[in-house]
Amino acid sequence: AFISIGFAYAFPKGLAIFFKEIQDFFGTSYSEIAWVSSIMLATTYGAGPISSILVNRYGSRPVVMVGGLLCGVGMISAAFCTSILQLYICVGFITGFGLALNLQPSVIIIGKYFLKRRPIANGLAMAGSPVMLCTLAPLNQFLFDNFGWRGSFLILGAILLNCCVAGALFRPIGAGTAQVKTQVTEEGKDGLKGKITEDGPMEKTEEEEGKDCFEKVNQYLDFSLFKHRGFLIYLIGNVLMFLGFFAPIVFLAPYAKHTGIDEYSAAFLLSILAIVDMVARPTTGIVANSRWVRPRIQYFFSFAIAFNGACHLLCPLASSYTGLIVYSSFFGLAFGMVCAMLFETLMDLVGAARFTSAVGLVTIAECCTILLGPPIGGILIDTFGDYKYMFIKCGAVMVLAGTFLFIMNYYNYRMLAKEEKERRKREEDPKSVRTENEGKKTWNKDSTQDGPELEPLREKGEEVKKEMNGT
């Protein structure tokens, strides 16, 4: 997961090193070249539902391996592009889709393996992004100096094939329940609707085949999440946040070059950001897992977003190289805090059972603002001939998103406390106690199918479904 998430997040940012040269080669503007990273990031997030469906159907291992193959093919094809439009297709869509098949399965499998120390596990896995960025920034500059941008793309395509190796290391939890399955009696086996394999999907039943298209999609993507108050708050806040989240990283190296700093020093700013980010993510995971923060982790997440925005608002004051180093350090800290809690806060709201669907639905909504963020920044740079307006725009948007999340999460916590109080009142009243049969129905409804990695054993009759979660 560390390798897979690292490539998915760091690769679009690391490509910024080549932008100035590709821009001169094709004679394009800042906004046109920014679309390369935007399309890649938007495809990575926009293909989230497809990735989630594939994970539910086939498991994390094959999906990540196919994703790694697509990444390699996309970058190798990009080395032979003769127009900016071809770069959009090869780097933006093909490589972006491959990265989507790397990101979601990696995040999902962590949630299935960990519960008590999940924030720490998420923080360590998310640390793959700064480690990769720290490595890719100087590596890309070295490759460009020695092989040009075309030769660099060929080599980067080969490096991305390592995602296939990372995918091969994902051991499905289903394999660990093999001994339990062998103990099921013949009578119990007859009660199963379809034969369960260790690593593969469940065979289709007559009941499943009779479902219409919408029911089949809803089986893998839980659209009832749009009625979940906490999920909607998270979704709106994140969609707004991503309008200013990635643009500062994309334009940090070009901004440094614009102020007269040499290429290697400009690339080193990304490395500084990545080194601080590297320490910030696992540290944030440890802090978020503490008994003081975890019950109110949504407030901590809101603060991290607002802190990120404040850094961008102060960036125009950093005119010298020393000032940019200070900005990169604080930006790395804020960026690491947000990324370490990005999926942990979502899992905290919806639970592990619905998390796969939640990730898919969130990423498809976020892809629009991710797509527009860097090009809008490029347009501001082209219009005013100055980078400061782009940083101010990004900072203002993120401060607004952080404030919105803080206020709405306060409201959500209050409502949850009120609902819990009413529930306890009803339980104390003997007339409102639910019957045993009603309780069973609710449990069966809530026990959603989690694909081959968390296959439920269906026992005969009306017995309760049991989740094999590997913990």
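Just so you know, the numbers here start at 1 and follow the chain as drawn.
Every residue, even glycine, has its Cβ placed from backbone N, Cα and C.
As annotated by TrEMBL, compositional bias 'Basic and acidic residues' applies to 420-448 (among others).
According to TrEMBL, the compositional bias 'Basic and acidic residues' annotation covers 455-471 (among others).
Confidence in the domain 'Major facilitator superfamily (MFS) profile' (1-413), given as mean pLDDT, stands at 80. Taken from TrEMBL, the feature domain 'Major facilitator superfamily (MFS) profile' covers 1-413.
The region 'Disordered' annotation in TrEMBL covers 420-471.
Residues or ranges marked as transmembrane segment in TrEMBL: 33-55 (among others).
If you look up TrEMBL, you'll see 62-80 (among others) marked as transmembrane segment. Listed by sequence, the residues of this chain that lie at least six past the ends of the transmembrane segment (62-80) yet keep a Cβ under 8 A from its Cβ atoms are 4, 7, 11, 51, 54-55, 86-87, 90-91, 93-102, 105-106, 150-151, 153-154, 156-158, 160-168, 170.
Summarising the annotation, TrEMBL assigns transmembrane segment to 86-108 (among others).
Among the features that TrEMBL reports, transmembrane segment is placed at 120-139 (among others). Residues 1-11, 13-14, 17, 106-107, 110, 113-114, 253, 264, 267-268, 270-271, 273-278, 280-286, 288-289, 332, 336, 339-344 of the same chain sit 6 or more residues outside the transmembrane segment (120-139) yet have a Cβ under 8 Å from a Cβ within it.
Here the transmembrane segment (151-170) has long-range neighbours at 1, 3-4, 7, 11, 18, 59-65, 67-69, 71-76, 78-79, 91, 95, 98, 102, 105-106, 109, 140, 143-144, meaning same-chain residues at least 6 beyond its ends whose C-beta is under 8 angstroms from one of its own. Marked as transmembrane segment by TrEMBL: 151-170 (among others).
Here TrEMBL flags 231-252 (among others) as transmembrane segment.
Summarising the annotation, TrEMBL assigns transmembrane segment to 264-280 (among others). For the transmembrane segment (264-280), the list of distant contacts is 10, 13-14, 16-17, 127, 129-134, 137-138, 140-141, 249, 252-254, 256-257, 321, 324-325, 328-329, 331-333, 335-337, 339-340: same-chain residues at least six beyond its ends, Cβ to Cβ under 8 Å.
Summarising the annotation, TrEMBL assigns transmembrane segment to 300-319 (among others). Within its own chain, the transmembrane segment (300-319) has Cβ neighbours under 8 Å at 237, 241, 244-245, 248, 259, 284, 287-288, 293, 326-327, 330-331, 334-335, 337-338, 341-342, 345, 387-388, 391-392, 394-403, 405-406, 409, counting only residues six or more beyond its boundaries.
The transmembrane segment annotation in TrEMBL covers 325-343 (among others). Within the same chain, residues 9, 107, 111, 119, 122-123, 126, 129-130, 238, 241, 245, 248-249, 252, 269-270, 272-285, 288, 297, 300-301, 304-305, 307-308, 310-312, 314-315, 318, 359 sit at least 6 positions outside the transmembrane segment (325-343) and bring their C-beta atoms closer than 8 Å to a C-beta of that stretch.
Look at TrEMBL and you will find 355-377 (among others) tagged as transmembrane segment.
As annotated by TrEMBL, transmembrane segment applies to 389-411 (among others).
If you look at the transmembrane segment (355-377), the same-chain residues 6 or more away from its ends with a CB under 8 A from one of its CBs are 31, 34-35, 37-39, 41-53, 55-56, 100, 104, 107-108, 111, 220-223, 225-226, 231, 234-235, 238-240, 242-247, 250-251, 343, 346-347, 349, 390, 393-394, 450-451. Recorded stretches compared: 33-55, 231-252, 389-411; the one with the most Cβ pairs under 8 Å to the transmembrane segment (86-108) is 33-55. Tertiary proximity for the transmembrane segment (389-411) is limited to same-chain residues at least six positions away from its ends with a CB under 8 Å from its CB atoms, namely 233-234, 236-238, 240-241, 243-245, 247-248, 251, 298-299, 301-316, 373, 376-378, 380-381, 383.
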